[in-house]
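Engineer: Sharing a structure with you now.
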């Protein structure tokens, strides 16, 4: 299967919705899937990856690695469900919607969007809102 989802936590996820979301974001942006691994993990694991590969000693919501430069995406992303839960409380949003937002954010990173500048961050936020509205309202589902 070109997109594999792994959940290393005890939290239940609506994996089919998350998979459809990633594939649809890529397709809508003109990209396909060669091979993508999506790992939903805890705070400890994402902090270790952040420290080992990016030299940042803290937990974050998502880390994305892209291994191809063509329109067929080969890559992986890690999402910390613990950080998602913390952010959902902090921003007073539903955990499921925050999880969907960060999954969309990760898909956007895979295709080359960057949030390291003000303009890039704004562009990503607009794309996130577009896709978040598309999936949360059109499907009337959340990824739980």
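Positions of Cβ are set from backbone N, Cα and C atoms, glycine also.
Residues annotated as Zn(2+) binding site in Swiss-Prot: 105, 109, 115.
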Engineer: What other residues of the same chain, not counting 105, 109, 115, have a CB atom within 8 A of the CB centroid of the Zn(2+) site?
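Structural biologist: For the Zn(2+) site the neighbour list reads 62, 64, 106, 108, 113, 114, 124.
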Engineer: Have a look at the binding-site residues (105, 109) and report the one with the fewest Cβ neighbours inside 10 Å.
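Structural biologist: Counting other Cβ atoms within 10 Å of each of the binding-site residues 105, 109 gives the minimum at 109.
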